[in-house]
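Here Swiss-Prot flags 125-167 as coiled coil, drawing on sequence analysis. Look at Swiss-Prot and you will find 52-84 tagged as compositional bias 'Basic and acidic residues'. Feature annotation from Swiss-Prot assigns compositional bias 'Acidic residues' to 104-128. As annotated by Swiss-Prot, N-acetylthreonine applies to 2, with the evidence given as similarity to another entry. If you look up Swiss-Prot, you'll see 18 marked as N6-acetyllysine, on the strength of similarity to another entry. Annotated phosphothreonine per Swiss-Prot: 47, 110, in sequence order. Residues or ranges marked as phosphoserine by Swiss-Prot on the basis of similarity to another entry: 123. Here Swiss-Prot flags 1-132 as region 'Disordered'.
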């Protein structure tokens, strides 16, 4: 990491350094990084494959010793595996493997152990087939139950939707036997009773009862005055 950005608390002053008596000479400063380093050559030690050691070594003999050691290590594990293999093989020999001279009249002609093993294998196969069949049956029942539940849910949703449609329409509610009779009244417009309505010509020509109108132009007095003095 560079140290160029560090502030200089002791600036260089020419002629005042060590061994500088002449002010006209330039100041001399040296960094510790400028000093010579690694001034001695490093040599290989006794255990670092020096040239003398390499010349005196017999690589062929070392290789042969390593191969013999590996062979001994491999043969050490072999008796254990051979013992395991021999124990697994040490079963009663089959009938076809026994020579005819060694057969006894009392010996059975069939191998009972083989028959027992075959029977056990067949029984295991039967049990496995039965379990698989039972599993398939359970899966099928669950699928049918799921389909039935989905169908019932769809039917219930459809029924609720139809009820909402029928109950939301007042005209359809009248047809139902249990729906109460509703009286429909036409609402009056918000501008039915306003004063300035139907101001077109000829609308007020019809005979109407005299009534007070809060409008000087449509009042009876104004109409009579206009008919008498203006027309």
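Backbone N, Cα and C atoms are what each Cβ position is placed from, and that goes for glycine too.
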Please name the residue among the modified residues 2, 47, 123 whose C-beta has the most neighbouring C-beta atoms within 10 angstroms.
123
Within the compositional bias 'Basic and acidic residues' (52-84), how many residues are helix, strand or coil going by DSSP?
31 helix, 0 strand, 2 coil
Whole-number Å only: compute the distance from the Cα of the residue listed as 'phosphoserine' to the Cα of residue 47 (phosphothreonine).
70
Quick check for the class: what is the C-alpha distance, in angstrom and rounded, between residue 2 (N-acetylthreonine) and residue 47 (phosphothreonine)?
39
Three-class DSSP secondary structure - residue 47 (phosphothreonine):
coil
